[in-house]
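Q: Here it is, the structure, as structure tokens.
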Amino acid sequence: MKAKRLFEDIKSSKVFYSLVGLIVLIILSAIIAPNFRTVDNLITIFRQASVLLVLSAGLTAVLLTGGMDLSVGATAGFVGCICAQLLKADVPILAAFGIGILISMIVGIINGLLAGILPSFIATYGTNWVLGGLAIIVMQGAVIYDLPKNFTRIGVGYTGTVPNLVIIALIVVVIIYVLLQRTTFGRQVYAYGSNPLAAKYSAVPVKKIVISSFTMCSMCAGLAGMLITARLNAADAAMGDSYGLQTVAAVVIGGTSMLGGEGGVVGTVIGSLILTIIVNVMNLKGISSFAQGLVVGIVIIAMVLFDTYSKRRQERSAI
């Protein structure tokens, strides 16, 4: 009976459907694009998915609170540019990483404070533009190339046979999984996301939870920005622009509700792989980046509609 109940719980979860979707997508991709199955392409997929996963894992915490952070792409781009400028000025790699993470924390705290005053959608949309402008000022219209080899090795190197980016992404996922699933902080995140009003009247430190979630999100975005810089061996002001929409899509595809209180980082792993494979196949088939943006937008709308429908159906069944 317990095994049957467990199977029913898994079957009824959004993660289950995301996993089935991933398996079907892999099969279809192998049929549609023969180059999809090559070792080089699979390594490319894992590297791209790793960067997206670092971004998406952080955003998962914000969405679980019922919030939204539209500044993740701009944060990644800005911090990546700062890191590149520091490295070009012969600042040690660890120091450059530390400064990048510190800047990310400051951005996250500001976002969290603003989200307590304004709708998080509006607050982070404004932050997105501010960071984009700062990145342009920092780079002065230039592109930085030829960064230190020890730095770029982080983005393109291996530990044994495993790409370094994959290892870093897995470490980030494990840390966030533990924080969300095994700590009081995580339980409070879910409680606030599920019922904000009840959480406020049950001694949940709402302000602390919101600020912490946004800080975690921005730190992941900053780390991702530095990983992108290491992988490309270059930095420019616009390098994080394409990741904003993709990050939201990856989290939503993985089953995390944009209404808060439902989902988790395990689903985000699956969502990141699904989205990366979709984009990869479109690249292999020569589909333009504009069309790719259209597809990602449609996927987000479809998933939000499905999420809203599911929530309403649950509310009706509970009456």
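A Cβ is built for glycine as well, from the same backbone N, Cα and C atoms used for every other residue.
Automatic, uncurated: that is what TrEMBL annotation is.
Okay, these came from TrEMBL:
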TRANSMEM  15-33  transmembrane segment
TRANSMEM  45-63  transmembrane segment
TRANSMEM  93-114  transmembrane segment
TRANSMEM  126-145  transmembrane segment
TRANSMEM  157-180  transmembrane segment
TRANSMEM  209-230  transmembrane segment
TRANSMEM  242-259  transmembrane segment
TRANSMEM  266-284  transmembrane segment
TRANSMEM  290-309  transmembrane segment
Q: Taking the transmembrane segment (157-180) as the reference, which of 242-259, 266-284, 290-309 gives the largest number of Cβ pairs under 8 angstroms?
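A: The stretch I would name here is 266-284.
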Q: Counting Cβ pairs closer than 8 Å, which of 15-33, 45-63, 93-114, 126-145, 266-284 has the most of them with the transmembrane segment (242-259)?
A: 266-284
Q: Counting Cβ pairs under 8 Å to the transmembrane segment (266-284), which of 15-33, 93-114, 126-145, 209-230, 290-309 comes out on top?
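A: Comparing 15-33, 93-114, 126-145, 209-230, 290-309 against the transmembrane segment (266-284), the winner is 15-33.
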Q: With Cβ-Cβ distances below 8 Å as the criterion, list the same-chain residues six or more beyond the ends of the transmembrane segment (93-114) that contact it, or say none.
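A: The answer is 69, 71, 75, 78-80, 82-83, 86-87, 120, 123-124, 126-127, 131, 148, 150-151, 210-219, 221-223, 225-226.
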Q: Any chance the transmembrane segment (45-63) and the transmembrane segment (209-230) have 3 or more Cβ pairs under 8 A, given the pairs are 6 or more apart in sequence?
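A: Answer yes: the transmembrane segment (45-63) meets the transmembrane segment (209-230) with 3 or more Cβ pairs below 8 Å.
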Q: Can you tell me which parts of the same chain pack against the transmembrane segment (209-230), counting only residues 6+ beyond its ends and a CB-CB cutoff under 8 A?
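A: Beyond its ends, the transmembrane segment (209-230) has Cβ neighbours at 50-52, 54-55, 57-59, 61-62, 64-65, 67, 69, 71-73, 75-81, 83-84, 96-97, 100-101, 103-105, 107-109, 111-113, 115-116, 120, 147, 151-156, 165, 168, 172, 176, 179, 185, 188-189, 192, 239-240, 243.
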